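Structure, as structure tokens:
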Amino acid sequence: MHNSSIIKSLNFQLINELSAANQYFLHSKICKNLGFIKMSKKEYKESMEEMKHADQLIDRILMLNGKPNMKILRQLKVGKNIIEILRNDLKLEKISQITIKKEILNINKFNDFISQNILINILCDTEKHIYWLETQLKLIKKIGISHYIQL
């Protein structure tokens, strides 16, 4: 097993997860400040899910005798309103989806099924969230933002 390459792949995804956790957390606070409590709770829940993913990645990196890279984060794309928040979250998830698929293929070369399984589970959550975000944006387009925020 080539631990250094696997650790590099896991750390690359760790950057995505920690960045996402911060973006969702900030979006949760923005939604709360705007009075959208239900959306605030959803964003907070997503932030905690991203932290759970980061936790799994950190554990695996340490198990492989690596050093988790927690210093680097992606630039946050912070929305000022519900539509911007949803669009920015969708962009973030789509970037993560591409990265995860690439890293799964990389790790697959080394037959590290544990690391691969962690990334596959993260990919499943990511794709569920992409679907949810796309559905919300379609709903807004269909019924309008004024009706959407009343849901």
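Yeah, the Cβs are placed from backbone N, Cα and C, and that goes for glycine too.
According to TrEMBL, the domain 'Ferritin-like diiron' annotation covers 1-144. Look at TrEMBL and you will find Glu17, Glu50, His53, Glu127 tagged as Fe cation 1 binding site. Per TrEMBL, Fe cation 3 binding site is recorded for Glu49. Summarising the annotation, TrEMBL assigns Fe cation 2 binding site to Glu50, Glu93, Glu127, His129. Per TrEMBL, heme b binding site is recorded for Met51.
What TrEMBL annotates, mapped onto the structure for a quick look.
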residue : record                   : Cβ within 10 Å
Glu17   : Fe cation 1 binding site : 23
Glu49   : Fe cation 3 binding site : 19
Glu50   : Fe cation 1 binding site : 27
Met51   : heme b binding site      : 17
His53   : Fe cation 1 binding site : 25
Glu93   : Fe cation 2 binding site : 24
Glu127  : Fe cation 1 binding site : 14
His129  : Fe cation 2 binding site : 21
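The DSSP secondary structure for His53 (Fe cation 1 binding site) is helix. Each residue in Ala20, Glu46, Glu49, Leu92, Ser96, Gln97, Asp125, Thr126, Lys128, Ile130, Leu133 lies on the same chain as Glu50, Glu93, Glu127, His129 and has a C-beta within 8 Å of the C-beta centroid of that Fe cation 2 site, without being one of the site residues. Rounded to a whole number, the distance between the Cα atoms of His129 (Fe cation 2 binding site) and His53 (Fe cation 1 binding site) is 14 Å.
Cα spacing between Met51 (heme b binding site) and Glu17 (Fe cation 1 binding site): 7 Å, rounded to the nearest whole number. Per-class residue totals from DSSP over the domain 'Ferritin-like diiron' (1-144), listed helix then strand then coil: 117 helix, 0 strand, 27 coil. A Cα-Cα distance of 9 Å separates the residue listed as 'Fe cation 3 binding site' from Glu17 (Fe cation 1 binding site). For Glu17 (Fe cation 1 binding site) paired with Glu93 (Fe cation 2 binding site), the C-alpha to C-alpha distance reads 10 Å. Taking CA atoms as the reference points, His129 (Fe cation 2 binding site) and Glu50 (Fe cation 1 binding site) are 11 Å apart.
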